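Scroll down for the structure; my scribbles are underneath it.
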Amino acid sequence: MSDLILGIETSCDETAAAIVEDGKKIISNVVASQISIHQKYGGVVPEIASRKHIECIIPVIDKALDESGKKITDLSAIAVTYGPGLIGSLLVGLSVAKAIAYAQNIPFIGINHLEAHIYANLLEHNEIKPPFVCLIVSGGHTSLVYIRHFGEYELLGQTKDDAAGEVFDKIAKVLDLGYPGGPITERLAKEGEPSFIKFPRPLLNDKSYDFSFSGLKTAVIYYIKELKKENKNIPISNILASFQQAVIDVLVEKTIKAALKYKTKQIILAGGVAANSLLRKEIKKKANSLDIKVFYPSTFLCTDNAAMVASAGYYKFRENKKSSLNLDAVSRLPLERIN
Ligand code: KG4
Ligand code: ZN
């Protein structure tokens, strides 16, 4: 008999529910995005996000059930993100998941959001086998992780300041391009010249696997401010292409370096920035020349969704790793601390 897992995700500004069969087959996948609400603020407003989750969570779960053609009594377990993320937002999904699990008397499984991003890959790629190196790169995180076995994570390095996605969002905000900045930057950068401005590549040649993007962000903002001060024309596409290239150069270099050091033949990309086609192209080019394979999820599975939560939940369910109904939301939850 197959196992149906309901996944729930409310860690940031997406209210999402999905039903996944046996960790692989997405039966339904509903994402209610709050982008249009937060857009006018140029970023996510936590208090608004949690209120919106409260409004949306039940309709989103109902829709996921409706679209799946399954009944709530068909579910084998419920998996929900309990951290990291915005505490008020996390609490909404967590409370609803606990209530359904209790009422249906089925296992309740708390999932680390970063682990879920990694598992998004398993929904589509059967060939992935540890050990591998994973670059988790999103609006909240930029981390390089060595995965010896599933569930065993070694953090190799992470950003010391801003996450890569966060910097895409901030630069777009400064240029009044809207939120989120990643997809808009990618689109406009296609028209620009990546070598137009030589922006810094922080920590590129540093021995560690850490990242730092705030200096790059400041350099780009300063460049734009100077042009504005002098009333000069702002070459948006060239600025964005040059900025994007700087971020990607660093991400690619460090990830390849880690894969070589740890002698892995697979690199996995995860998180919202993994949707970036230049990142995908450049890392694949370099890795393939070294006989290393690169995997990443389809774009709709790179950004926040609940199918990835259900997938991670399935593997825990199979290992009988349930969570207690006392599980709390944890805003700063490291990947290595898996419940
Ligand atoms: O994983 P995600 O949906 O949420 C977090 O867990 O943070 O990632 C959202 C981030 C945003 O910062 C967004 O600008 C970025 O991913 N992003 C991109 C692209 N699509 C989304 N960054 C660069 N290029 C893209 N195509
Ligand atoms: Zn995420």
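For all residues, glycine too, the Cβ spot is worked out from N, Cα and C.
Note that the structure is a prediction, hence the values are computed from the model and not measured.
Among the features that TrEMBL reports, domain 'Gcp-like' is placed at 25-310. Residues annotated as Fe cation binding site in TrEMBL: His113, His117, Asp304. Feature annotation from TrEMBL assigns substrate binding site to Ile136, Val137, Ser138, Gly139, Gly140, Asp169, Gly182, Glu186, Asn276.
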Proximal but sequence-remote residues of the same chain as Ser138 (substrate binding site) (Cβ under 8 Å, at least 6 apart): His117, Ala163, Ala164, Gly165, Ala270, Gly271, Gly272, Val273
Which of His113, His117, the listed binding-site residues, has fewest other Cβ atoms within 10 Å: His113
Among Gly140, Gly182, the one of these binding-site residues whose Cβ has the fewest neighbouring Cβ atoms within 10 Å: Gly140
Separation of alpha carbons, Gly182 (substrate binding site) and His113 (Fe cation binding site) (Å): 20
Nonlocal neighbours by CB distance (under 8 Å) for Asp304 (Fe cation binding site), same chain, sequence gap 6 or more: Glu9, Ser11, Cys12, Asp13, Glu14, Ala16, Val31, Gly272
Chain-mates of His113, His117, Asp304 with C-beta within 8 Å of site centroid, Fe cation: Glu9, Ser11, Cys12, Thr81, Leu114, Ala116, Ala120, Ser138, Gly271, Asn305, Met308, Val309
Cβ neighbours within the same chain of Ile136 (substrate binding site) - under 8 Å, at least six residues apart: Leu114, His117, Ile118, Thr142, Ser143, Leu144, Val145, Ala270, Gly271, Leu335
Three-state secondary structure, which DSSP defines for Ile136 (substrate binding site): strand
Distance-selected binding-site residues near ligand 1 (C-beta under 6 Å), from Ile136, Ser138, Gly140, Asn276: Ser138, Gly140, Asn276
Protein Cβ atoms within 10 Å of Asn276 (substrate binding site), excluding its own: 28
Where Gly182 (substrate binding site) sits in the secondary structure, as DSSP reduces it to three classes: helix
Candidates near ligand 2 among the binding-site residues Ser138, Gly182, Asp304, judged by a Cβ under 6 angstroms: Ser138, Asp304
